[in-house]
Number of protein chains: 2
Amino acid sequence: MSGSKSCARLQGVLLQQLLDSVDSILFDCDGVIWRGDQVIPGAPQVINLLKQHGKRVFFLTNNSTKTRRMYADKMSTLGFDVTEQEVFGTAYGCAVFLQTACGLQGQKVFLMGSQAMRQELETVGIQQTGVGPDHVSGGPGDWANVPLDPEVKAVVVGFDQDFSYMKLNRALQYLIQKDCLFVGTNRDTRLPLEGGRAVPTGCLLQAVETAAQRQAQTVGKPSPFMFDCLASQFGVERERCLMVGDRLDTDILLGSNCGLKTLLTLTGVSTLEDVAGHEESGCAERRRMVPDFYVESIADLLPA
Amino acid sequence: MSGSKSCARLQGVLLQQLLDSVDSILFDCDGVIWRGDQVIPGAPQVINLLKQHGKRVFFLTNNSTKTRRMYADKMSTLGFDVTEQEVFGTAYGCAVFLQTACGLQGQKVFLMGSQAMRQELETVGIQQTGVGPDHVSGGPGDWANVPLDPEVKAVVVGFDQDFSYMKLNRALQYLIQKDCLFVGTNRDTRLPLEGGRAVPTGCLLQAVETAAQRQAQTVGKPSPFMFDCLASQFGVERERCLMVGDRLDTDILLGSNCGLKTLLTLTGVSTLEDVAGHEESGCAERRRMVPDFYVESIADLLPA
């Protein structure tokens, strides 16, 4: 079904066939089930009905500002019947990555990120320094010789509303040490909001990468890490799994990379023109961002 | 002389011939005549003797943290005989660019930069908003709707030690408006200091560019703007002009792009291995970064 790479509108018989062919459905959050604090109309019913009909439902978000617990609480408030075990955000994903892939349990990291990331790290036994404001003082000589914590084994960059020159500088000073690991949550450069507005997000990671002249390993989509966690934990069969998202460069690319069926919803970032651009590019890499199907909104899944 | 692109050590007869063949000599500052606040030994004597022997000497720096006046004062303290008219820094260069190339005299810009940039802008009649700290409050909805100054015609990004998430966000909100101009001082990502240390600089511009999904026009080397200003103001003949710098990707590339003779000094960022890498690359663009000559230090010019 995903072989031909020509994106079809998902409705009627096609919709029924697709849902029959999958056991697990993965949803992105921002732009798919909500926009900011506004739920997408019909989304809670769709999620709850899918679960009532025996589908396993998971949430896979690059947003690093909430713990699993915070996501489950928000979802519950908005009418979704979801447990925190079903939510894979990059705050949690990053903690698991540092613990399992980097072997940093019981160690310390320099964290440019939210209190939520700090909580998820602490839950798996990783200490941090760096969360909160870090204002500048002195001049270049002082900045280059800023005191570093000798226990820090990695620089970890997520969304950080306290991002500052001094933090960027401190990250650089750690990363000049070649044995310091470097991990980021995600690369999507900005978070789209209602009415075409947006705020900066993943560009913070790029600023650190540019300063340090090093590339971070990332945990968020399209990296397969969080999907692999979820798949092994819940025994998910890739061929019987659907990824639903609003971004071609994260959600749909992740789905293609992991061998999942893919569905684009038009309530977020990417458009059908974006799809056509990739489809007609003749570039194999860009064609991986063409979804199998699209819907106007996930409410279109309701009839099935 | 610059045709063959094989970098020769400048000494003896070659040095004498080169100096005889030029009227004007352009020096970069950081890594060439000083490192931080430490003067390169012999540099003041070289500069002062060149002037005494009738050469015109100019300083061309991408560093945006000082006004021309501040540079002249610093140079005077370090023993250089220099007037502020001979110094072209990007704080001044940016002011001239906004005035002449963008026609913003009497207008206002959003400035992420130093007090020195503010002064240079005000000197040419350009008002600013944005200099100084801008701490975060609220959440994404507030950030996307942050109050903007309707008089702002351009976002201008230089080195800003008060760089913060809120400033990055404010720049993005201005730049979402398609008619807002976008100008940066320079792209060199970090400022090298003594002992292999460095602090972040030009990567701030890249963070704004990434967030805004737009590219800034830049004023600093290797952009020809500041050289063109200087050349027209002082009637400099390109064929009889030498560019001396420590960076291949800014100083030497500027020299090549403008048809100047080029001299690398090894007291700063770039090394002879970097030169060899470009030379052997077989890539025309990289070969433009191969200097005509090199010296260990500009003190090597003293014998002539």
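Keep in mind that glycine also has a Cβ here, set from the backbone N, Cα and C atoms.
The feature Mg(2+) binding site is assigned by TrEMBL to B:D28, B:D30, B:D246. Every protein chain considered, the tally of other Cβ atoms within 10 Å of the Cβ of B:D246 (Mg(2+) binding site) stands at 26. Mapped onto three states, the DSSP output places B:D246 (Mg(2+) binding site) in coil.
Positions annotated as active site, nucleophile by TrEMBL: B:D28. A C-beta separation below 8 Å, combined with a sequence spacing of at least six in one chain, links B:D28 (Mg(2+) binding site) to B:F59, B:L60, B:T61, B:N62, B:K221, B:V244, B:G245, B:D246, B:R247, B:T250, B:D251, B:G268.
Annotation comment: TrEMBL describes B:D30 as active site, proton donor. Less than 8 angstroms from the CB of B:D30 (Mg(2+) binding site) sit B:G36, B:T61, B:N63, B:L191, B:P192, B:D246, B:G268, each of them six or more residues away in the same chain.
Per TrEMBL, substrate binding site is recorded for B:K221.
Using a 10 Å Cβ-Cβ cutoff, B:K221 (substrate binding site) registers 32 neighbours. Neighbouring residues of the recorded Mg(2+) site, listed in sequence order and excluding B:D28, B:D30, B:D246, comprise B:C29, B:G31, B:V32, B:I33, B:T61, B:G245, B:R247, B:D251, B:T265, B:G268, B:V269 (Cβ within 8 Å of the Cβ centroid).
Classification of B:D30 (Mg(2+) binding site) by DSSP places it within a strand.
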